[in-house]
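Feature list (source: Swiss-Prot):
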type	residues	note
BINDING	Arg41, Ala42, Asn43, Val44, Lys45, His46, Leu47, Lys48, Ile49, Leu50, Asn51, Arg62, Gln69, Lys85	heparin binding site
DISULFID	Cys30-Cys55	disulfide bond
DISULFID	Cys32-Cys71	disulfide bond
REGION	29-33	region 'Receptor and heparin binding'
REGION	60-70	region 'Receptor binding'
SIGNAL	1-21	signal peptide
SITE	Lys45	site 'Important for integrin interaction and activation'
SITE	His46	site 'Important for dimer formation'
SITE	Lys48	site 'Important for integrin interaction and activation'
SITE	Lys64	site 'Important for integrin interaction and activation'
Amino acid sequence: MNAKVVVVLVLVLTALCLSDGKPVSLSYRCPCRFFESHVARANVKHLKILNTPNCALQIVARLKNNNRQVCIDPKLKWIQEYLEKALNKRFKM
């Protein structure tokens, strides 16, 4: 085989092997880029706390009335109280 063909073939195969998975820009993106700050506690069916190494605290709520998922601002007073109560319950001796 011609040396140029071998080099091109090796480069193409290397590029294919390195391109597996998501692009770096997508794999490090935080799930919650925008927060809802006017979500009533009574309207929340379920809360999910996302723990990602490269993002701040992120809380996703499933709403009762339309089953929609929204990211809730973790600075809301009722969220702070909920988290404090959950942590106290978990680490209570």
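Cβ atoms are placed via backbone N, Cα and C, with glycine included.
A map of Swiss-Prot features onto the structure.
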residue : record                                                   : Cβ contacts under 8 Å, 6 or more apart
Cys32   : disulfide bond                                           : Leu50, Cys55, Gln58, Ile59, Val60, Cys71
Lys45   : heparin binding site                                     : Ala61, Arg62, Leu63, Lys64, Asn67
His46   : site 'Important for dimer formation'                     : Ala61, Arg62
Leu47   : heparin binding site                                     : Ile59, Val60, Ala61, Ile72, Tyr82
Lys48   : site 'Important for integrin interaction and activation' : Ile59, Val60, Ala61, Arg62
Ile49   : heparin binding site                                     : Leu57, Gln58, Ile59, Leu83
Asn51   : heparin binding site                                     : none
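Using CA atoms as reference points, the binding-site residues Arg41, Asn43, Gln69 were checked against Cys30 (disulfide bond), and the closest is Gln69. Under 8 Å from some Cβ of the region 'Receptor binding' (60-70) lie the Cβ atoms of residues 31-32, 36, 39, 42-48, 50, all in the same chain and six or more residues away from its ends. Most Cβ neighbours within 10 Å among the disulfide-bonded residues Cys55, Cys71: this distinction goes to Cys71. With DSSP states grouped into helix (H, G, I), strand (E, B) and coil, the region 'Receptor binding' (60-70) comes out at 0 helix, 6 strand, 5 coil. In the three-state DSSP assignment, the secondary structure recorded for Arg41 (heparin binding site) is helix. DSSP states for the region 'Receptor and heparin binding' (29-33), grouped as helix (H, G, I), strand (E, B) and coil, give 0 helix, 0 strand, 5 coil.
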